[in-house]
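What TrEMBL records for 20-38, 44-66, 78-94, 100-117, 124-141, 153-170 is transmembrane segment. According to TrEMBL, the domain 'GGDEF' annotation covers 219-347.
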Amino acid sequence: MNVFESQAQAQNVDKDRRQYILSFVSYISGTVILLYGLPHLMSGNVALASLLLGTSLTFLLTVAYYHRTGDIDLACKIEAVLVVGFVLALIYHGGHENTALYWIFPFPVILFGLLGVRNALIGNTLVLLAIAVMLFTPDWIHAEYRPEETTRFFASLVIMVIAAGINDFFRERSHHKMSALQLSREQQANTDPLTRLPNRRFIDASLEPRLNQTPDEFLPLGVVMCDIDHFKQLNDQFGHQAGDDVLKEVARLFRKTLRRQDVACRTGGEEFLIFLPRTELTDVHIVAEKVRAKLANTVFPIRGTPHRVTASFGTAVCHSSGELSATVEYADEQLYNAKKAGRNRVV
Ligand SMILES: Nc1nc2c(ncn2[C@@H]2O[C@H](COP(=O)(O)OP(=O)(O)OP(=O)(O)O)[C@@H](O)[C@H]2O)c(=O)[nH]1
């Protein structure tokens, strides 16, 4: 399990941005192109009307495809291909009274929004090359542009692509920096500074929301509550620093013993909660027993003398996303029973 969620949240923010651009291109541009195309249909300009109405329809179909599948990457790629096709076809045709060149400017910017800096730069460069070929070999195209118009248009389009590329490059870079900063803040807030394990806040801020979002990834969720035995005595006898060293060593043992998808959190002084995704009670017991035995057999050198530390464990299993708190409470009760029954055991 990815313990910290900020990376995924940053990706969601970026996905939202691309979704807005896709919707803007599809709904706004699609509608404008449709309204622009209808009069040409009425006036019998079939070629231009088909180009405009066909583009408008395919824009709307692409956004419908996205709403059906949720596949933003593919939807943006399809939309980008349509944008490029529309631009080239419009330049070829010339549009209404050969005014096509005036309508092209927004589209390189749209490509940056849909594809990201790298892919949009490649796409825009190819489009520029294709436009250059079309404009500077006028015999190949249907439209008739004035030579001075094509040169100025092309120069300003190149500047536009460069400006949009620079703008998007720095926007993307600051987005990455901000998400890295957010990730590090989130990690700090959700991490116990002594043991570097996730803390109680992590459970509320990250684990529980994820359990609610994707319960199948977790359920049945094994819960083990663990509490070091006679820790006060150890602190009193050897000092707080020795107690801290033991806590760090216990955290290290958890990391070494548990699976990658399991999460051990430090929830209180000498109290830990271990979450075992997709684990039934029998296996929860086996894991807790393995941790218990490993801890009991570990020798802690405290002030130069070997020392042994034990812990008690309470186990439970969460079968539905709404039951997490109740399951943790039950594991706590089981821990109490383990303490009552003599400590250094799993109940
Ligand atoms: N070194 C150290 N000690 C801590 C920390 N947090 C809590 N403690 C100590 O942990 C001890 C917990 O003691 P108790 O709750 O009485 O539990 P216990 O002595 O382990 O007894 P049982 O749980 O019944 O076996 C207290 O002395 C706390 O001061 C910490 O971060 N570092």
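The backbone N, Cα and C atoms fix where each Cβ goes, and this holds for glycine too.
What TrEMBL says about a protein is an automatic prediction, not a curated fact.
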Helix, strand and coil residues within the domain 'GGDEF' (219-347) as assigned by DSSP: 62 helix, 35 strand, 32 coil
Feature contact check the transmembrane segment (124-141) with the transmembrane segment (20-38), CB under 8 Å, 3 or more pairs: no
Intrachain residues whose Cβ lies under 8 Å of the transmembrane segment (78-94), provided they are six or more past its termini: 22, 25-26, 33, 47-48, 51, 55, 58-59, 62-63, 65, 100-101, 103-104, 107, 110-111, 114-115, 119-120, 123, 127, 130-131, 134-135, 141-145
Model confidence over the domain 'GGDEF' (219-347), averaged pLDDT: 94
